[in-house]
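Some features that TrEMBL has for this protein:
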| type | residues | note |
| --- | --- | --- |
| COMPBIAS | 86-95 | compositional bias 'Acidic residues' |
| DOMAIN | 115-446 | domain 'FAD/NAD(P)-binding' |
| DOMAIN | 480-546 | domain 'External alternative NADH-ubiquinone oxidoreductase-like C-terminal' |
| REGION | 23-49 | region 'Disordered' |
| REGION | 83-109 | region 'Disordered' |
Amino acid sequence: MALSRATRIIRRQPLAADLLSPIRVPSNTSSSRAGILSGSLPPSGRQSLPPARYISTGASLPNHVPSFRAISTTPCHHFPSAEKMAEEEEEEEDEKERREMLPGLGMTKPGEKPRVVVLGSGWAACRFLKDLDTETYDAVCVSPRNHMVFTPLLASTCVGTLEFRSVAEPVSRIQPALSSSPNSYFFLASCTGIDTRRHEVYCEAAPNSGLPSEPYRFKVAYDKLVIAAGADPLTFNVKGVKPHAFFLREVGHAQEIRKKLLLNLMLSENPGLSEAEKKRLLHCVVVGGGPTGVEFSGELSDFIMRDVRRRHSHVKDYVRVTLIEANEILSSFDVRLRQYANNHLTKCGVRLVRGVVKEVQPRKIVLNDGSEVPYGLLVWSTGVGPSEFVRSLDLPRSAGGRIGVDEWLRVPSVEDVFALGDCAGFLEQTGRQVLPALAQVAEREGKYLAVLFSKIAKQNGGRASATGEVALGEPFVYKHRGSMASVGRYKALVDLRRSKDAKGLSLAGFVSWLIWRSAYLTRVVSWRNRFYVVVNWATTLVFGRDNSRIGGCS
Ligand SMILES: Cc1cc2nc3c(=O)[nH]c(=O)nc-3n(C[C@H](O)[C@H](O)[C@H](O)COP(=O)(O)OP(=O)(O)OC[C@H]3O[C@@H](n4cnc5c(N)ncnc54)[C@H](O)[C@@H]3O)c2cc1C
C-alpha cells in the first residue's frame, strides 16, 4: 500500500504524453541464498524484509528498511487516519493509471535479449557499459548528460590548461551499441523514480527540450537495473553556498568558473574601480582542502604566475588565491606529502586559511570566528553526499545515506537492482566499510559488475526475476592503488600506500608530476581524447593558456 517517495514525485505531476505502451509486470519466482543472485520479492513488495542472511547476521532489524523502521519507532499520532489511508489508496490508483499511460519501453519479450537499464553516465556507469556483453544484453542508458567527465583533469579546464572537450567522452563512443544496436538506447533524461515491483524506471527529459509536453516523462522497463547516479556536492547547509559558490563536478561547472575568472580579470581593468574593489574581484577563494580543492588552487596559482602576470600586468598584483580548510589539507595523504603541499602552495602564493565557513554572502564569506573574506570567485569543494534523487529512493541505506549494497553490489530486498560508484555503499551487515568516493572505486565496480552480468547471463539469469539459483562467484574486493594530486608549477604528490596507516612509497615533486601526468594520460578513455590532452598540454607549454572569453567559453 505504501508508495515510495520517488513514486510519489510522479503522482504529483501532470500526465506527460498520450502514447500507450503496455507494460508486463514480471512474476516474482526466484529464491534467495547467500552467494546466489537473490531478492525474490514477496507480495508486499517494498515492505518486504531483506534476504534471510541479513536478518540472521544483523541481529537487529537492518536500518535500511525505512518503512519498518518508521512503524516501529513512530509515535501513534503518526499513524495515518482511515480517511488519509483512503485518500492514499485513491491516489495510488490514480498513479497506477497515469503510469500505465506513460510512453516508454515495455518489458522485453521472449526471444529478445534481456534489457539492462543503467542510470548515469559517470565513471561507474561508463566502465560497466564499456565492458557489458552487448551480444547478450540490450543496454539502455538514462542520464542528463551524454558524456562521461574525466574528473581528474577537470580542474585543468577551468584555467585553460586543457580544453573542455578533452575531458568529455561521449557515451556512444564508450559503448557504440547504444547508438547502433536496434534495442539499445541512450536517453537524455533524469530518472525521477523507480518501481522495483514493476521493474520500471520513470524518467524526465531535460527541461525546455521542445518535446510535446513539458516536462516530458516516460518509463523504461528493465530486466536488470544498475544505479550509478553519482553524488552531489556537500554544502553542510551553509547559508548562501548554492546561490553564490561554484561547484566543480561537471564540464558545465568548469565552463562557468573559467567564464567568471576571465570576466573578473577583464572587469578589474576598468577605470574608476577602487583598490578594495579590484582586490575583491580578483580574490579567488577555494573552500575545501581535499585533492580537488588543492588541485584547483594549484592550477589557479600556475595560471596567475605564468599567464596573468604576462597578459594582465595592470592588475597582476591584485590577484590572490585563498584556500580555506577546516582541518588539514589533503588529510588522506602521507604526512610528509601534506607538509610538502603546504610549503609548495604557500610558495606559489596560495594563502592557506584554517577556518570554518559560517555563511556565504554575494561578495564575502563569513567565517565562524567572525572574520570576513571578500571574494570575486568562490569555488566550493568540500566533498560529496547522496543526491536528492538517491535520497528519494525507498531502498536500503549504508552509512552516510548511500544506497546499501551487498558484496556483489546487489541491493538486497529488491530484485534485479544493483548500485555502484559514489551513490552506493556496503551495508553495515556486510562488515565492510563504505568505500571512498573515488573514480578508481567506481571504475572497478563497473568492471566487476560487467563480468558478473556475463556470469548471470551464462546461467540464464539475465531476465527479470529469473535469477533463481545463479552462482555469482567471488564478491567484489577493492584494493586501493594509491592517490595522486597535482599542486601546480610542475609538482605533484604520489602516495602509493594502500591505506592511510599502511607503509609504502610516497613521493613529491617534479618526478611525481611526470608520474601524475602519465598515469592520467593512460587512463583517459579514448585515443581521440588522449590526443587532445597531449596537444592541449603542448600548446599551453609553448603558447601559454588561452584567455579569450568567447560566449559561454565552450
Ligand atoms: C574535480 C574532480 C576531480 C576528481 N579527481 C579524482 C581523482 O583524481 N581520482 C579519483 O579516484 N577520483 C577523483 N574524483 C572523484 C570521482 O570523479 C568520482 O568518485 C566518480 O566520478 C564517481 O563515479 P560515479 O559513476 O559514481 O559518479 P559520477 O561520475 O559523478 O556520475 C554520475 C552520473 O549520474 C548521472 N545522474 C545523476 N542523477 C541522475 C538521475 N537522476 N538519473 C540518471 N542519471 C543521473 C550524472 O549526470 C552522471 O552522469 C574527482 C572528482 C571531481 C569532481
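A Cβ is built for glycine as well, from the same backbone N, Cα and C atoms used for every other residue.
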The region 'Disordered' (83-109) - residue tally per DSSP class, helix then strand then coil:
19 helix, 2 strand, 6 coil
Roughly where does the domain 'FAD/NAD(P)-binding' (115-446) sit in mean pLDDT, to the nearest integer?
95
Number of helical, extended and coil residues in the domain 'External alternative NADH-ubiquinone oxidoreductase-like C-terminal' (480-546), per DSSP:
31 helix, 15 strand, 21 coil
